[in-house]
Each structure stands twice: as C-alpha cells, then as structure tokens.
C-alpha cells in the first residue's frame, strides 16, 4: 500500500491573469487534494467570479497587514508584479519559506535582490516567457560568454505606459503595419524594468541566467550586478506583431548563440506572455516536489 501523499499548502500573492492561469494549471493537484491554494488579493469581491478555480481568497490590502504573515504555507508564489515582489518577498524568505518569483524584474533592484538571496528561505527564479536559458547558463558558468542581448517586439498597445507623454502615446496608437517596427527603448535590463515593469521581466531573467559563477568566490548578488550591466536590451513596438517576439543573442569562447521565440500574449492581459504562467507552474511544482523529498 502506498503511503498517503502529504498535502502541500501554497500561498499565492496576487490573483490576476497570471495567478488565475496558474490556479487552472494546478487543477489536478487542487482537485485531488494534494495542494491547497490560498491567494492574497486587495479586493475579494473583485475576484468573486473566479472562486471556482479552487483558491481561498483572503483580502490583504498591503504587506503591513500582519494577518498574511500568520498564514500557514509550505511555499509562497508571487504573481502580482514587481512592486508586490519587492514588498512581500523579503519577508517570505526571512521567514524561511521557499519563494517562487514570477516578477523576476524585482532582482534588478539591488536591495531587494540582496534580501531575497539572504535566506534562510530558498529563492526560485522562473524563466518567464523565454527558453534556451539552460544552454546560456552552462556557458556563463564556464566564463564562456562575453556579450548577451535581447530584442523584444510587441504590439504597440501592450507597450503604452502611464509615464509616456501624450504625444508618444498617440504615436504608438497611430502606428500601422506599413510603418514597421519602432524602437522605443535601448539600455540595460535594470533600466528597462523601471520603464516597462509588466513587459520585460524576461530581460532580467536573461541576466540572472547568464550571471555565471565568477572567476573567484563571487556572490550571486555581485554576479547579477555585472550581468545587468552586460546585458543589452532593445524594445520595439511593432504593429505587425500579434505575439510577443524575442530575439536573444550571445557570443563568447563557447560559440555564437541565437534564439528566436514567439509567444501568444495572455488573453486577459496583453502586456504579459501566456508562457509566464506555464513557467511559474513548472517552477512551483519542482519546488513542491523538492519539499516532498526533504
């Protein structure tokens, strides 16, 4: 007779498009009773129509509310954006809980990154909307990468930001397929995530994957800081683009690498790739399996 599986409790921060998609993907575990899911939301009534996804919704309006820290969980998964990751993540890790990070852009902020890496809880970084990172990670660990870049192209409507002047918004809204792609940003992942917090978590994920091990005993924080400076980012608004398209290139002693990835945007949030929830769910499952082996 097989021993009964231990029920794992998951605390989810946020229940927007990504969180709800993750809940749907976790249906086999939730429906069989292997996983319980509790989601922190700012307004329970706003999410009433999604109660059928199997998550218990708890209204927590800010991380200062002490009730959320009293909740029992085996793992915490963030699905609420960079600001929420920065606000909740350090406390989760400090409490010794594993923390699955969807909004990888939070790692571009050094104080947040240092807090998330300080332990004793483990940080689990998702790959988001891009693949092939295992190859680049292996090359980086052998000090065999010298240049890393990513060009992201999305539909103009998914790139419009509150900080943009009205003239720039009108220009993006007025782009036609005949105009072709318009480059609206070039710089580093740290700069990109400030301007496009919901669009370019993947650029920071790329820097994280290619941080390497360092020639000497460098910390992940130090390696990430160097990787953020080394990685080049270009963002294009392309009216011909229905999917999110990413071109990744890397060169060095290990060779020349090029990856081209197109992913369908989330139907609920066009600024987010539909692949993000798949990556988060995969990382969360691996995290829970690791707890089971412990």
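Yeah, the Cβs are placed from backbone N, Cα and C, and that goes for glycine too.
Copied over from TrEMBL:
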ACT_SITE  246  active site
BINDING   129, 201  NAD(+) binding site
DOMAIN    14-118  domain 'Aspartate/homoserine dehydrogenase NAD-binding'
DOMAIN    182-280  domain 'Aspartate dehydrogenase'
In the three-state DSSP scheme, residue 201 (NAD(+) binding site) belongs to helix
Simplified DSSP label at the residue listed as 'active site' comes out strand
Integer Å value for the Cα distance linking residue 201 (NAD(+) binding site) with the residue listed as 'active site' is 12
The residue listed as 'active site' has its Cβ surrounded, within 10 angstroms, by a count of other Cβ atoms equal to 24
Averaging the pLDDT values of the domain 'Aspartate/homoserine dehydrogenase NAD-binding' (14-118) gives 94
Checked against DSSP, the composition of the domain 'Aspartate dehydrogenase' (182-280) is 33 helix, 32 strand, 34 coil
